[in-house]
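Q: My questions will all concern the structure given below.
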């Protein structure tokens, strides 16, 4: 049985008797930048770059555990960007002008929007696993090879996908798509609505849905700090050696630290939004501050787009094997 609480599109959000901190016009500016123009352009680049990275890691093989975990992260980033591309596509003015029998924002938010969130959770866990793996390599260099083996790493990466993605399932116990009459469009449309289980499930779903990014974020920050400290501590000793293997490991550790740093910067808005939602109950999809919530989500999605689209620069700048493989795939001459 569906209750009267109904989600509406960003274009017609105007709650009577409420004072929104962000009006519809300002919300549309954020909406256009983060979804339609700059955000979508970066998204397209990210999809293409992650497809290239998948080919590179497959070409490099899976003897090294780092290639396995980085391949898993790249696949997760690709899925995150594809679902977000579809979500952004539904927010373009041209799509709205098609006069479709549903509200684009509502349908996109509940379908591909939450699918994107699911893959973003996978990215959180895989990034945490990768930095934990590197942290162990730095702290326990003699024991880590017995702990981290290619088969174990592959199994861990595979298991992370369904477990992390399952965090979004509670939302489908509280929300669904129903037909409602829209005064703004003057016709019946398919929109998102919350059912009677919302109050019972929201506290549970909020914790379940956010415990993964929060715990992953904390683990990444801690492991990154430990790794950086240990690298600086051992830098003088490593400077005295000319071991090629040591040099390669050092570059890999720098690569992972940089990936983690980008993740921390890009996912910080997510943690801020989570804390904010706990403090302000009106910061919800259909709350009194719905415009503010949707603007925050657009900023969050844009930051996640940046995180999923920039790793190719890290790989290319710090991995000679990656550079050689990219050059071979694109038919370029590799210049050392």
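Positions of Cβ are set from backbone N, Cα and C atoms, glycine also.
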Q: Quick one: which of 70-87, 88-105 does TrEMBL have down as transmembrane segment?
A: 70-87
Q: Could you tell me which of the ranges 211-231, 232-252 is annotated in TrEMBL as transmembrane segment?
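A: Within the set 211-231, 232-252, TrEMBL attaches transmembrane segment to 211-231.
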Q: May I ask you to indicate which of 3-28, 107-132 is given in TrEMBL as transmembrane segment?
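A: Of 3-28, 107-132, TrEMBL gives transmembrane segment for 107-132.
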